[in-house]
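These features come from TrEMBL:
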- 353-364: compositional bias 'Basic and acidic residues' (COMPBIAS)
- 1-351: domain 'Major facilitator superfamily (MFS) profile' (DOMAIN)
- 353-386: region 'Disordered' (REGION)
- 12-30: transmembrane segment (TRANSMEM)
- 36-57: transmembrane segment (TRANSMEM)
- 69-92: transmembrane segment (TRANSMEM)
- 104-124: transmembrane segment (TRANSMEM)
- 172-193: transmembrane segment (TRANSMEM)
- 213-231: transmembrane segment (TRANSMEM)
- 238-256: transmembrane segment (TRANSMEM)
- 262-281: transmembrane segment (TRANSMEM)
- 293-315: transmembrane segment (TRANSMEM)
- 327-346: transmembrane segment (TRANSMEM)
Amino acid sequence: MLLQRYGARAWLTRIMFTWGAAAMAMAFVQGETSFYVLRFILGAAEAGFFPGIIYYFTQWLPSSDRGKAMALFLSGSAIASVISGPVSGALLGIEGLSLHGWQWMFLTEGFASIVLCGFVWFWLQSHPHEATWLSDEEKTALSTAIAEEQRLREATQTVRPSVFRLLADRQILLFCFIYFSVALTIYGATFWLPSMIRKMGSFSDFEVGLFNSVPWIISIVAMYGFAALAARFKHQQAWVAVTLVIAAVGMFMSTIGGPVFAFVAICFAAIGFKAASALFWPIPQGYLDARIAAAVIALINSIGNLGGFVAPTTFGFLEQTTGSIQGGLYELAATSLLAAVVIFFARTTPRGDLRRPSRDEPAKPHRAVVPGTPSSLKPDHRETAL
């Protein structure tokens, strides 16, 4: 909601600065208490970044273009995982200036975030009408397309929607569960992968980082590929379900065979859970009224982030009590399968958008086409939507 009030440029810059500063402060942890305090500050500093970006897309892109945009954005996360693995492994080996390798890792990677916030401040525009690189015609067409989508959503609401009322909305609860399932699988795989790689052989930290990057490299291609398929062959829920089933099969297969086979299975699962993460978000974006979208997106993301606590906690408990994490992997597979079923009950539009048009109402609203977008370059597919 603060991003909605102050604009993406100012708020995302603030997030990246405090995020980087909190990460650098982690280098000076002195004990258990300071660790928990700084970890809480770190989480609070970055909490608004992801939902802020998702809300930012609703201000810039018509719904039919958001799927590919999400895939490209999330590919940045996958690329970061590819780079950070070997880089972090190398930084852990640095000793100097009375600092250990783990301290250099926090200082270096936190400082990178602070440097990037300068680029955000000078290059990011909060709204299309502020963009100097768009012509007046393009600004008008883009703003008209987005405003028309919002007008249709408002037409289905007899009163202004309330965030608190929507907390009891079945659709919002479904969105929360589905994204929690996706995030749980991602965090579970991320948590388990390094220890599984070490079981494959005697590797250095740098080599573990290299192996750890393989699933994320594969997921980059998978995310954009599935987003392109979903844009061409409509039915967003079905594509999310397909990717969730892939994730479930991969997690289940990782419980059988040796460490090498398990590593291959996790690579297969990564195709599913990373693509599901990209394909999921256009569904709540299409359903939510823009007036309360920022708050609800933040809620969905917050529920999903609980997976970052549940997955490591569950895996650690199972490993201590049973000596194995197979039970946790079965749980991840089952949760993904359940989410693949539940996604078909999620709506991609407000209820009123599916009303039968009257005789005096056109059957389909005109979609403004933005010059230079794929929709304008391919007239035969202008109505293609995610």
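Here the Cβ of each residue, glycine as well, is placed from N, Cα and C on the backbone.
Sequence-distant contacts of the transmembrane segment (327-346) (same chain, at least 6 residues past either end, Cβ-Cβ under 8 Å): 171, 174-175, 177-178, 181-182, 184-185, 188-189, 192, 237-238, 240-242, 244-245, 247-249, 251-252, 254-255, 272-273, 280, 283-284, 287, 311, 314-315, 318.
Against the transmembrane segment (36-57), stretch 69-92 shows more Cβ pairs under 8 Å than any other of 69-92, 104-124, 213-231. The stretches the transmembrane segment (104-124) and the transmembrane segment (69-92) meet in space: the count of Cβ pairs below 8 angstroms, excluding pairs fewer than 6 apart in sequence, reaches at least three.
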